[in-house]
Amino acid sequence: MARALELARRGMATTHPNPRVGCVIVRGDRVVGEGYHQRAGEPHAERLALSQAGGAARGATAYVTLEPCCHTGRTPPCTDALLAAGIARVVAAMEDPDARVRGRGLEALRTAGVAVDVGLMEGEAARLNRGFISRAVRARPFVVAKAGISLDGRTALASGESQWITGAAARADVQRLRAVMGAVMTGTGTIRADDPRLTVHEGAPRQPLRVVVTSSLAIPPDARILAGDADLMVLTTTDGPHGDRLRASGAEVVAVGGAPGQVDLAAGLGALAARGVNDVLVEAGPTLLASLLDQGLIDELRLYVAPMLLGNGRPLADFTLAKLSGARAWRYDEVRSVGRDLRLILTPET
Ligand code: AOF
Ligand code: ZN
C-alpha cells in the first residue's frame with residue numbers, strides 16, 4: 001500500500017477533478033503490476049496495473065489506495081475489470097466517498113467472492129485526496145489560506161509595498177503548492193495592491209483555475225490577472241455591466257448572491273465544487289481573509305514567516321476581537337524552515 005500511495009502521488013498535479021489513485025498487484029511475494037491514475041478520462045489505476053499484470057493477475061491481491069469504482073463514468077467500472085482478471089483479494093486504503101460508489105464497489109467484489117479488506121494506511125490515503133473527499137462529502141473544496149508575513153504578522157508595509165517579504169525558497173514552495181491545487185483565489189484588494197497573475201511557472205503540467213471574489217466587479221481593465229491563458233472565474237453577488245466587460249476578456253462570471261458588498265462565500269465555494277474544484281488556495285488580503293475566517297471556511301492556514309519586523313503595516317486579517325476569550329484557537333501541524341523563513345501549517349482546533 002505504501003508503494004501504491006507513492007505511485008498515486010505521481011498524479012498529484014494532474015488528476016483533477018478525479019482523485020489521485022495508485023494500485024499494486026501482488027502475487028505471492030512478487031509485484032506483477034503497478035499503475036496510477038494520471039488524468040480524468042484516462043484509465044483508472046486498477047486497469048493500468050491489471051494490464052501490466054496480464055495473466056499473472058489470476059489469484060493475485062490488488063492493493064488500491066481508494067475503493068475500486070463500480071460505476072461507468074468517463075471510464076467503465078474497475079470492479080468488472082478486477083473480477084474478469086480473476087483477482088482473489090482486494091485491499092483498499094479507504095472507501096470511495098463519491099456518491100456513485102460509497103461502499104458499493106467493495107460490496108460488488110465481496111458478493112462475487114473476492115476477499116476484501118479496507119482501512120490499510122487510511123490516514124495517508126485520505127490526506128492525499130482531502131480535496132476530493134471534501135468535495136464529495138461537504139460539496140465544497142478543501143480551503144488552504146496562504147500568506148507571507150513578518151514576525152509581527154504584517155503582510156505589507158503601510159505604503160502597500162510587499163514584494164518581497166519572504167525569500168526565494170518560500171516563494172518556490174508556494175509555486176509547488178499552487179501547481180497541485182484545483183484553484184487559486186484572491187480578492188480585488190489584492191488585485192489592486194499587488195496585481196498578481198496567480199499562475200504557476202512555465203513548464204507546469206497544468207494551471208489552476210484562478211478565482212477573483214469581487215462584489216463590485218471592478219477589476220481594472222489592465223490587471224495582469226485578465227491576461228494569460230489560465231482560466232479565470234469571477235465570483236460576485238449580482239451580475240452587472242462590468243460582468244460583460246470581464247466576460248469579453250475571457251473570464252467566467254458567476255453571480256452567487258450575498259448581502260450588498262458581500263459575496264456569499266459559502267455559495268461561491270459550492271459553485272467551485274460544482275465545477276469540479278477539489279481544493280482552493282486562498283492568496284488574499286485582510287478583508288477576504290477575515291470574511292473566510294469569520295465563516296469558518298478555512299481548513300488550513302499556511303504561513304511563511306520572514307525574519308523581519310515591519311511595524312505598522314497591513315495585517316494578515318482585518319477583524320477586531322472584543323474579548324481575548326473570543327479568539328479561535330489553531331493547532332500547529334507543522335513548523336519547519338524553508339530557506340531563511342519559517343513555514344507554519346495550522347488547522348482549526350476542534
Ligand atoms: C479515478 N482514478 O484510479 C480511480 C477512480 O469519470 P471516471 O470514469 O474517471 O470516474 C471517476 C471516479 O472513479 C472517481 O470519482 C472515483 O469515484 C472513481 N475511482 N477515479 O479517477 C482511479 N480508481
Ligand atoms: Zn475505477
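Heads up, the Cβ atoms here are built off N, Cα and C, so glycines get one too.
If you check TrEMBL, you get these features:
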type	residues	note
ACT_SITE	E46	active site, proton donor
BINDING	H44, C69, C78	Zn(2+) binding site
BINDING	G148, W164, T190, D194, S215, G285, P286, T287, L288, L289, A290, S291	NADP(+) binding site
BINDING	S162, R178, L198, E283	substrate binding site
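Structure coloured by features recorded in TrEMBL.
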| residue | record | Cβ neighbours (10 Å) |
| --- | --- | --- |
| H44 | Zn(2+) binding site | 27 |
| E46 | active site, proton donor | 28 |
| C69 | Zn(2+) binding site | 25 |
| G148 | NADP(+) binding site | 23 |
| S162 | substrate binding site | 19 |
| R178 | substrate binding site | 22 |
| T190 | NADP(+) binding site | 25 |
| L198 | substrate binding site | 25 |
| S215 | NADP(+) binding site | 18 |
| L288 | NADP(+) binding site | 25 |
H44, C69, C78 excluded, remaining Cβ within 8 Å of their centroid (Zn(2+)): V21, A45, E46, R47, P68, T75, P77, T79, A81, G105
Pairwise CA distance, E283 (substrate binding site) versus S215 (NADP(+) binding site), rounded so that it is a whole Å: 17
Nearest of the binding-site residues (S162, L198, S215) to C78 (Zn(2+) binding site), judged by Cα-Cα distance: L198
In sequence order, those binding-site residues of H44, T190, L198, S215 whose CB lies under 6 Å from ligand 1: H44
Cα proximity to P286 (NADP(+) binding site), best match among recorded positions H44, E46, C69, R178, L198: L198
Local Cβ density at E283 (substrate binding site) - other Cβ atoms counted within 10 Å: 23
Sparsest-packed among the binding-site residues, when each Cβ's other Cβ atoms within 10 Å are tallied, from C78, A290: A290
